[in-house]
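Here is the structure we will look at, set down as structure tokens.
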Amino acid sequence: MPAKRDSHSPAGKSLPERGLLLLIVLVLLQGSVLPLGAASSPNTSRNDYVDNPQVKVGKSNYTKKAFPVLTLDYHHIQAPFEISLWILLASLMKLGFHLIPRLSGIVPESCLLITVGLLVGGLIKLAGEDVPPVLDSRLFFLCLLPPIILDAGYFLPIRPFMENLGTILMFAVVGTLWNAFFIGGLLYAVCQIQPANPSILHKIELLPCLLFGSIISAVDPVAVLAVFEEIHINELLHILVFGESLLNDAVTVVLYHLFEEYSGAGTVTVLDCFLGIISFLVVAIGGVLVGVIYGLLAAFTSRFTSHVRVIEPLFVFVYAYMAYLSAEVFHLSGIMALIACGATMRPYVEANISHKSHTTVKYFLKMWSSVSETLIFIFLGVATVDGPHHWNWTFVTVTVLLCLVSRVIGVVGLTYVINKFRIVKLTTKDQFIIAYGGLRGAIAFSLGFLLKKDLFPMREMFLTAIITVVFFTVFVQGMTIQPLVELLAVKKKQEAKRTINEEIHTQFLDHLLTGIEDICGHYGHHHWKDKLNRFNKKYVKKCLIAGERSKEPQLIAFYHKMEFKQAIEMVESGGGFKMPSAMPSTVSMQNIQPKKPPPAKPVEKAEKAPSQLPKGREEEIRKILRSNLQRTRLRLRSYNRHTLVADPFEDGFDDLLIKKQKMIELEKKIKDMNNYLTVPAAPPDSPTMCRARLSSGKDTDFKPAQQQKGNKTGPDPQSYRAKPESDSVPTIHVDLASPQSPDSVNVMDEFRRAGQQRGGERGEEDQGLMMRPHKTGEGADGKDPQKLTRCLSDPGPSADEEEDQPFLA
Amino acid sequence: MGALQSSPGQPEYVDLKEKTGFSFSQIRVLHNRFKLLSHNGETLKRDHFNSIPDLACNPIRSQIIEAFFDRRNFRQNGEGPVDEIHFEEFLMVMSHFKAPSPRMIEERESVRREKLRFIFNMHDTDNDGTITLEEYRHVIDELLSLSEALEKDTAKGIADAAMLEVASTSMGHMEPDEFYEGITFEHFLKLLKGFEIELKMNVHFSMMDTPTFCK
């Protein structure tokens, strides 16, 4: 890599370094502003306070000063200013890390961010100022945590989550309980040893120890997300660790409150334990219920937003946040509420909101969660520098050790039990990764921060130990998990995009397995899932999804989604189609269609059925086609709803009119695609149907079929190349011929032969909206180019030979 | 209960166990189910499957039932449909849904082939070794048959798109006048390579001690 960099021009080489320098300067600036801000504010506020009575009293003897042209009034905007500064710092840091190429590969981002936090905290301390209490628990739990959890919940992959729910719950509930009691108990035991020289440790009682254990035992979703995101581990392990980190919140909440409550009293009775269990159920189920209710509310609201699309994303966010806050009101598990809300509302909301709103929701969630995560780690660093620390070697080392040991034992023990019930067993490698992925993070720290000093004299020691554990897990485990994953050759995430065949077979398999279960008479997993799906389809969808989409089966929804995605890609690429570099396949629709009997001559066909194409029209078409053969490129400038420029080679005004009308119709259809209203049920609006009708000339929507032929303006494959001088208007070449008719095949052949010298032709059939792929960056494997044409395939000829294509002789 | 009825004794179970890989308890449970479905008869016919109420709502029920009566699934290298099956054949078909034991790579590969073969046979209704476009369309039609809002052409479109995908990935280059006959088994394997079917196509046989009743 260094060699490569050397080969670049000197300018290119220094750019990232320059950027880095700039960043460092900015950081230093910010680091210095903050203490300045902290310093100036008390002064100014004091001055103000002093001034005010003076002004009031001495109104009469108001001395006139020169009018201040420029004043400094910092405290007026201090709070928002500082918040913005922190956010800016966080974002710039994130930018910076990606400018340094090697670093982001070795060290996970979370470590770097903590380091930055340490630096900034150190700077502030050096400046002699008080470090602002950034990791204030309220700020953390109310502002920083919800975006991350909502992002996780909204994009939670439901299928693997539900399939592994039993395992996840086992790890979350039983695992966390085991961790808490093991760590707490053993810590207490360790603290009690050495009765000879009584140390400060002896003062710690059992209950605070257990409380400490419960704080430190919970796997942290933020840390897990941050680290696991970068290692791209396979879906199963990811969902296991991540799901566990999300669901153990309920356990943590209950244990925390239980022990905190009774630490004052000093004892916990059996009744309390029993109440604790009940409380756990209430907290967990209540949290989920609250989330589901808000989720359904959000889904229901989104049903009516078709006229005010702009605020659709807002509903998603606000309802979710309300769910979180409502759960927190009752001390229910806010995290579970948030997850339930996001997961519940997603399928319905996505069916209702526009494509743009969907993008907005996605990007806002990602943005907020990203900023939140960065801020959390930086604050962790800052708070470390700040917080009063009480370092006790024994306590801290024992804690770290116990955390590791208890995690390993817990995972191994639980897996042994779980594997009896799982079809796909967890291997040793899996267990290792699960155990190793049990990272602790900011939640533990914030919970520790919440402890009251008077009840817990050992608070500082606890905090120090918590911070040490967090640092240890994030730094040591976070940094080494990537090489370990490579070393152990753990399966990585499959990057391939979902193909339509896989979707078909997923559905097929679902039904098949349900059927087999029914035959065996076993009410298994699939049976209940199927029942839920049917219930969903029958009742819930009708309520929550607007319009026709409520009846759309999943397969069709998937298909339309893919079509739409590729339409967008195509439009975004500006109509420029490059040759797909990988896997150029010349397979086209015609290759898979069953062979038809030898085509009857067009003349015969014209005799067979009344020709719908009058002679004059035919001549025009032929003229157009011939002229296209001579031109290297022909495009129909269309798809700009404001300008519908006529093709200069078109003669015949009626042709223009027809085309214009076609364009408007088609464009309307495509616009409708935006709103997911292309449903099979109604007079089908999908482009496929539209094209099918156009090509088969059967439909009544448009003017009589004759005009459609007029649109066959040279399906010149060459026209899909991006012109160097292309204008900004993306073009779609609309070719409405059905590819199946033998005549059109001939046409294609002609063109192909004509255009053969242009090299590397793809003899791809034109079918309706022929959207050739423009090789996009994301996930474009060799299959992508194929997919475009595939999914926009003409539905094919209807079986009946009505196709009148008295086209070319 | 087992000894009193006319059930195969232990030695037959041993034979079945070896052939299918089920455990004794699993075989016993499935045998009870078989007897329940066939009303204590020796063989199971297609009509017997109609007595399962839950199966009626399944969109691909006819294909599932056909799979039970398809000789290709009996692992005896036969072909063509039969009209009635014995317990052994029932068990053979069921054995396709056993979970693979977490063992070596080779075994996983063969397990995957076997499961995909089962699905392939379900699609390939005319036993010619390829899934033609018509057959594939039929599959998709069946899948979508339960939803009321169905237009034929979207289903056709989906089938065409899927077929084109298979053809593209398997064949690569085809002349315009060549014809892609249909999905062969090898293409099918290649198509669903990333699907991890050996992990998905499993039914939990060990937990089936409480048979549900049918009409």
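FYI, residue positions are counted from 1 along the chain as it appears here.
Heads up, the Cβ atoms here are built off N, Cα and C, so glycines get one too.
Residues A:431-451 are the range that TrEMBL records as transmembrane segment, among A:74-94, A:200-220, A:431-451. When Cβ-Cβ distances below 8 Å are used as the criterion, the transmembrane segment (A:168-190) is approached by residues 161, 201, 204-206, 209-214, 216-219, 239-240, 243-248, 250-252, 255, 280, 394-395, 398-399, 402-403, 406-407, 409-411, 413-414, 417-418, 434 of the same chain, each at least six residues removed from its ends. Segment contact is absent for the transmembrane segment (A:139-156) and the transmembrane segment (A:395-419), given fewer than three CB pairs below 8 angstroms at sequence separation of 6 or more. In this chain, the transmembrane segment (A:361-383) lies in contact with the transmembrane segment (A:107-127); the count of Cβ pairs under 8 Å, excluding pairs fewer than 6 apart in sequence, is at least 3. Nonlocal intrachain contacts for the transmembrane segment (A:330-349), taken as residues 6+ away from its ends with a CB within less than 8 angstroms of a stretch CB, comprise 141, 145-146, 149-150, 152-156, 158, 221, 246-247, 249-250, 253, 257, 282-284, 286-292, 294-296, 298-299, 302-303, 315-316, 319-320, 323-324, 361, 540-541, 544-545.
Counting Cβ pairs under 8 Å that are 6 or more residues apart, the transmembrane segment (A:395-419) and the transmembrane segment (A:361-383) reach fewer than 3 and are not in contact. Same-chain residues lying 6+ beyond the ends of the transmembrane segment (A:361-383) with a Cβ under 8 Å from its Cβ atoms: 86-87, 89-91, 93-94, 109-110, 113-121, 124, 131, 133-135, 140, 143-145, 147-148, 150-152, 154-155, 222, 225-226, 312-313, 316-317, 349, 353, 441-442, 445, 449, 467, 470.
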